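Listed in Swiss-Prot:
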- 66, 71, 77, 306: [4Fe-4S] cluster 1 binding site (BINDING)
- 78-295: domain 'Radical SAM core' (DOMAIN)
- 92, 96, 99: [4Fe-4S] cluster 2 binding site (BINDING)
């Protein structure tokens, strides 16, 4: 799927932190005094396996969102031999001020990326792979065909590997994107709501809460056997009741799996953390999620969208009568 713009001198320049968020509608104002990080926010130290995987990734010229988004669980996940791959480059066309991925005009798609990704998955011997991407508003299908090409390539070389895709919102391109991803389905379809709709102007400029809900609802209607999943962060200014409202909205749109984790500010140029949710409150959210009918809820301070995704999916795939029919 070809890009809309070609020979652009600004293509490939990546802005991060304050440079990235300088032109969003609501300015990022640092707190006068940062909230102290509580003792329950702890990441595990990396093992030797972590460095082995890093070597494989550099060899294959692959980007993982684990590295690009400065994920706190990178040591633990790499050490278990799992990784979330970010396709279509590491430059995003959006400027969300909670996110540590760079903004700019992305490079052309790499036609070898699906093959390289499949080789990485095979070399790392992954049982479960998560594929995500930057937003590509410069592509006519938002990058859906590239996702499909990556799924096909992995299915060919690692037929027993389960594949979860964590997709952008395909704004303005949803019909074509859903059609493409229904023709080449993953094992789990994930798209994050990120936060409460009242905070979208501040945290997700350019996105729409109802559009994101509709994306997952429509995909579920097209592909009833594929589990759907979404996630949010807490600490951006939402209340506990806001979190409950999001959970109810997810269930009303047939979303089956949920992740909720603590937002951690990547740099002073990003949105500040306005609260640290306690482990006790995360437990309450988890209990309420199961009461609402989610098949799986990964909820806790250090949870990120793909954290323990393999364990989450095993549960959901059992619920969806033993898988999706392509293995």
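Quick reminder: no glycine exception, Cβ is built from N, Cα and C everywhere.
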* Structure fact -> Averaging the pLDDT values of the domain 'Radical SAM core' (78-295) gives 89
* If you count Cβ atoms within 10 Å of the Cβ of residue 77 ([4Fe-4S] cluster 1 binding site), leaving out that atom itself, what do you get? -> 25
